[in-house]
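Novice: According to TrEMBL, the feature ATP binding site maps to GLY108, SER109, GLY110, LYS111, GLY112, THR113, ARG221, LYS264. The annotation ribonucleoside 5'-phosphate binding site is assigned in TrEMBL to ARG134, LYS155, ILE156, VAL157, GLY182, PHE183, PRO184, ARG185, ARG225, ARG236. The CMP binding site annotation in TrEMBL covers ASN189.
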Amino acid sequence: MDATCGVRKKKGRELPFKIASPNSSATPYFFWAINKSDARYRPLRITFPPYFCLRYFSSFFFYLQQFRKTKPSYQTSMGTVVDSSNQGAGSLPTNKKVSVIFVLGGPGSGKGTQCANIVENFGYTHLSAGDLLRAEIKSGSENGTMISNMIKEGKIVPSEVTIKLLQRAIQENGNDKFLIDGFPRNEENRAAFESVTGIEPEFVLFFDCPEEEMERRLLGRNQGREDDNIDTIRKRFKVFLESSLPVIEYYNSKGKVRKIDAAKPVGEVFEAVKAVFAPTVEKVAA
Ligand SMILES: Nc1ncnc2c1ncn2[C@@H]1O[C@H](COP(=O)(O)OP(=O)(O)OP(=O)(O)O)[C@@H](O)[C@H]1O
Ligand SMILES: Nc1ccn([C@H]2C[C@H](O)[C@@H](COP(=O)(O)O)O2)c(=O)n1
């Protein structure tokens, strides 16, 4: 049997509430546990009047609307960078138009090596997500330990952290052409970056390389990276297959992937890369 228990005061209004007895089935609206110390009433249920339903639903839709307002209103290949520290209702983009190429491929496929060649020959700025995260650890930031642990485990750092670093690097750089290396690493990275910045890549440069070759290269890299040990390397391969390849497949279905055979020697790989970039240079010159 339900009993009316009293009157709840909210913003000067008096609202009656009921607590249902433990075996009552007459509780049509919300459930709210109060007085948890009393075992007879676990779970205790308050019958909320429809007023509360309306109130909470309208608040929910209000917040939904505010969230939608923070998204850029267009998505083109030349994106606008939104200032992430300025997110929220009424925030304004910095209006920097940039051209972005995502550089993807397994660990050790040669992304960084080829990005250095592209920078030298085609005037892009190279932003490596991994390098930005490692610099963040070194800077002694509050996220440093979390990032360091995730990298040692071969895991992917939450998008929010990586995107902030990428945005800052883009905004602080005078160039408007960027190679973003090692990002997006999973579907969450991809969707969050697109939603926060409004940037879609011109295309995705994908370095395709067999695992045995990548493993050999990583074990011989000798740059003192904590994740270049066989245990972490295997974990990184697994994450690449399970989380990163689907992102490449997504862009492939949009006709945006330029696949390079990365198993060849450095010079030969770069010849293939040049063939991809040559038409973009001709387009600019024309
Ligand atoms: N085509 C190649 N043939 C042989 N060795 C290569 C080739 N490309 C790169 N390497 C070497 O392999 C190692 C890994 O290359 P690189 O750092 O460019 O890979 P990456 O894809 O950026 O790796 P990660 O994702 O782990 O940062 C380096 O020691 C590099 O000198
Ligand atoms: N989008 C990214 C890129 C990198 N990381 C972390 C996890 C990687 O194993 C590590 C090293 O990256 P690399 O230098 O190999 O590109 O950095 C990430 O979490 N998210």
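Glycine residues also receive a Cβ, built from the backbone N, Cα and C atoms like all the rest.
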Novice: Reported as an integer number of Å, what is the Cα distance between ARG221 (ATP binding site) and GLY182 (ribonucleoside 5'-phosphate binding site)?
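Specialist: Cα-Cα, rounded: 17 Å.
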Novice: Have a look at the binding-site residues (LYS111, LYS264) and report the one with the fewest Cβ neighbours inside 10 Å.
Specialist: LYS264
Novice: I'm trying to understand the geometry here, so how far is the Cα atom of GLY182 (ribonucleoside 5'-phosphate binding site) from the Cα atom of LYS264 (ATP binding site), in Å to the nearest whole number?
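Specialist: That comes out at 20 Å between the alpha carbons.
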Novice: Of all the binding-site residues given, SER109, THR113, ASN189, which has the fewest Cβ neighbours within 10 Å once its own Cβ is left out?
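Specialist: Comparing Cβ neighbour counts within 10 Å for the binding-site residues SER109, THR113, ASN189 gives THR113.
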Novice: Give me the largest Cα to Cα distance among ARG134, LYS155, ILE156, VAL157, GLY182, PHE183, PRO184, ARG185, ARG225, ARG236, the residues the record lists as binding ribonucleoside 5'-phosphate, in Å as a whole number.
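Specialist: In whole numbers, the farthest two Cα atoms are 21 Å apart.
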Novice: What does the structure give for the C-alpha distance between ARG225 (ribonucleoside 5'-phosphate binding site) and GLY108 (ATP binding site)? Integer Å is fine.
Specialist: 12
Novice: Which binding-site residues from the set SER109, LYS111, THR113, ARG134, ILE156, GLY182 come near ligand 2, judged by a Cβ under 6 Å from any of its atoms?
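Specialist: Listed by sequence, the hits are ILE156, GLY182.
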Novice: Give the subset of the binding-site residues GLY108, ARG134, ILE156 lying near ligand 1, defined as CB under 6 A from any of its atoms.
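Specialist: Result: GLY108.
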Novice: Give the distance between the Cα atoms of THR113 (ATP binding site) and ARG134 (ribonucleoside 5'-phosphate binding site), rounded to the nearest whole Å.
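Specialist: Here the two Cα atoms are 18 Å apart.
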Novice: Express the distance between the Cα positions of GLY110 (ATP binding site) and ARG134 (ribonucleoside 5'-phosphate binding site) as a whole number of Å.
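Specialist: Pair distance, Cα basis, whole Å: 18 Å.
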Novice: If I restrict to non-local contacts, at least six residues apart, and a C-beta distance under 8 angstroms, what lies near GLY108 (ATP binding site) in its own chain?
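Specialist: Within the chain, GLY108 (ATP binding site) has Cβ neighbours under 8 Å at CYS209, GLU213, MET214, GLU215, ARG217, LEU218, ARG221, ILE233.
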Novice: In whole Å, how far is LYS111 (ATP binding site) from PRO184 (ribonucleoside 5'-phosphate binding site) when you measure between their Cα atoms?
Specialist: 13
Novice: If you pair up every Cα among GLY108, SER109, GLY110, LYS111, GLY112, THR113, ARG221, LYS264, the residues annotated as binding ATP, what's the maximum separation in angstrom, rounded to an integer?
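Specialist: Max Cα-Cα spread across the ATP binders: 17 Å.
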Novice: ARG134, ARG221, ARG225: which of these binding-site residues has the highest Cβ count within 10 Å of its own Cβ?
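Specialist: Sorting the candidates by Cβ neighbours within 10 Å, the top entry is ARG134.
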